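The transmembrane segment annotation in TrEMBL covers 45-63, 159-179, 191-215, 227-245, 251-271, 278-297, 303-323. Marked as FMN phosphoryl threonine by TrEMBL: Thr174.
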Amino acid sequence: MKDMYNVSASPHVRSGVTTAQIMRDVAIALMPACLFGIYQFGFSAFLVLLVSVTSCVVSEFLYERLMKHPYRPYECSALVTGLLIGMNMPATIPVWIPMVGGVFAIIVVKQLYGGLGQNFMNPALAARCFLSICFTSRMTTFAVDAFTNSGTSSRTLYLFNYGYAGLDGVSGATPLAAMKASEAAPSLLDMFFGFHGGVIGETSAMMLLIGACYLLYRRIISLRIPLTYIATFAVFIILFSGKGFDVEYVLAQILGGGLILGAFFMATDYVTCPITKYGQILFGVCLGALTGLFRVFGGSAEGVSYAIIFCNLLVPLIEKITMPRGFGMGGKKLAK
């Protein structure tokens, strides 16, 4: 009887799908990119992912126990946050840094604002931005697949011909950083399959798209936000990058950074995105324009994390603008 009048966090949408089911599906969808990151960068990537997840799960457990709240490990929200934090880390990073990120995401961004469903920004992205500010050099040192003296222009073709054994781990820049500095970037084929520098979970667009297809099949997400986001970003790059309608450059901008991961797995977070159809479209437009703005005119080659966090703050305004009016509430002033 005491739980009869407990009200869960908004939005209150009728559905047979539980929070636990949604989180488990998201975790499953992230697995292809995580496994590829481990394959590409080795045991260090596995360790970073493990520490990130453990930090989030333990932080949530200790906070709930301290506050004498019921702990629900089956909801798997801390697991998903931990995976996303780990996927946003370079494989070369000391493991105590993602540990700090997990504590920050769960305690500061999520629990202090009321827990699951109450946070106003994506915890994993907030942690990435926090760590990028605090540990800039560590967060921008990336592991790269390097093939030396091969004479092959594409890592993908090299792997096809010679296998993975000929590749060594070295420190290097991401494709976006290379393009920002007007240096040679990896081929589009390498960017699609993931054989280039970057953080653990965003290098392989193919693996991320496999996970996204799973979420679409399970109807966990829709295409409104991701497609609007990517399309708006592409238009912004065409108009303002100075490259014109350079299809290869636009595709490189889409495949070479965190756009696919952000568009399908973080911008679509139920808690921090609009719930109305037009709101989601407007949200995607804002995301694409801001990401393009940060990448073209900003000092950093990336911009996805900051764009999503900034648009999270705009969600109440977007909802107010796009919320359907009740019958008899709009139009001309009602007669007294």
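Backbone N, Cα and C atoms are what each Cβ position is placed from, and that goes for glycine too.
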Which range out of 191-215, 227-245, 278-297 gives the transmembrane segment (251-271) the most CB pairs under 8 Å? 191-215
Which sequence-distant residues neighbour the transmembrane segment (191-215)? Criterion: at least 6 residues beyond either end, Cβ under 8 Å. 25-26, 28-38, 40-41, 45, 48-49, 83-84, 86-91, 142-145, 155-156, 159, 172-175, 185, 221, 226, 251-252, 254-258, 260-261, 264-265, 268
What parts of the chain pack near the transmembrane segment (303-323), using Cβ distances under 8 Å and only residues at least 6 beyond its ends? 88, 120-122, 125-126, 128-129, 132, 257-259, 261-262, 266-267, 272-276, 278-279, 282-283, 286-287, 290-295
